[in-house]
Amino acid sequence: MHIVQPIRSLEKIQEVKQYLLNKNKRDYFLFIFGINSALRISDILPLQVKDVQNKDHLWATESKTKKKRKILILESLKQEIYEYTKDMKENEYLFKSVRTRKPISRIQAYRILREAAAACGLEEIGTHTLRKTFGYHFYQRTKDIAELQRILNHSSPSITMRYIGIDEDTTRAAYKVFGGL
């Protein structure tokens, strides 16, 4: 099983953003949307313009849990949504394939992110990195694990901490302090 990590460094996030912005508008928006929405890639890819344009929130039926959830759209993301969708039709998919006009596949999304990660010197990156990155930075800024647990729809705080890589960070720091015998 391939374990993926959040992108912990804000500088690396900016580097990935710049790389994708220079490469492809759709791919850049996929990254921006993913790290700012806390949605799974399987819930992001089928979204259409009408789901997000001029909205304060979106409704998503989670593919994993089948629960319908109201997802707030961050103010910072609203401008990105406007810029990306202003010339699109409301029934267009946000992340459509140039060839089929249908949503890109999870495999294609994975390839996009892996290519950007490799170009920016990141390892252990996959589609789940987007959601984990949201969680990691939400926690770093708010320290509110209960709210993050609710946002991510996890059953316990310990699952959320492990999911966003905080357990690993804590263990690494403890080993560093210990230093050895």
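Even glycines carry a Cβ here, placed using N, Cα and C.
Residues or ranges marked as domain 'Tyr recombinase' by Swiss-Prot on the basis of sequence analysis: 3-176.
According to Swiss-Prot, the active site annotation covers Arg40 (among others), on the basis of sequence analysis. Around Arg40 (active site), a 10 Å sphere centred on its CB holds 21 further CB atoms from the protein chains shown.
Annotation note: Lys64 (active site) sits in a coil segment as assigned by DSSP. Taking the Cβ of Lys64 (active site) as centre and 10 Å as the limit, one finds 9 other Cβ atoms among all the protein chains shown. Residues annotated as active site in Swiss-Prot: Lys64 (among others).
According to its DSSP assignment, His128 (active site) is helical. Long-range Cβ neighbours of His128 (active site) (same chain, at least 6 residues apart, Cβ-Cβ under 8 Å): Val4, Arg40, Ile41. Taken from Swiss-Prot, the feature active site covers His128 (among others), and the record attributes it to sequence analysis.
Annotated active site per Swiss-Prot: Arg131 (among others), in sequence order, evidence recorded as sequence analysis. Under a cutoff of 8 A between CB atoms, and with a sequence separation of 6+ in the same chain, the neighbours of Arg131 (active site) are Gly34, Ala38, Leu39, Arg40, Ile41, Leu152.
Marked as active site by Swiss-Prot on the basis of sequence analysis: His154 (among others). DSSP assigns His154 (active site) to coil in the three-state reduction, outside any helix or strand. The local packing around His154 (active site), expressed as other Cβ atoms within 10 Å of its Cβ over all shown chains, amounts to 18.
Following the DSSP three-state reduction, the secondary structure of Tyr163 (active site, O-(3'-phospho-DNA)-tyrosine intermediate) is helix. Here Tyr163 (active site, O-(3'-phospho-DNA)-tyrosine intermediate) comes close to Lys132, Gly135, Leu152, His154: these same-chain residues lie at least six apart in sequence, with C-beta atoms under 8 angstroms from its C-beta. Residues or ranges marked as active site, O-(3'-phospho-DNA)-tyrosine intermediate by Swiss-Prot: Tyr163.
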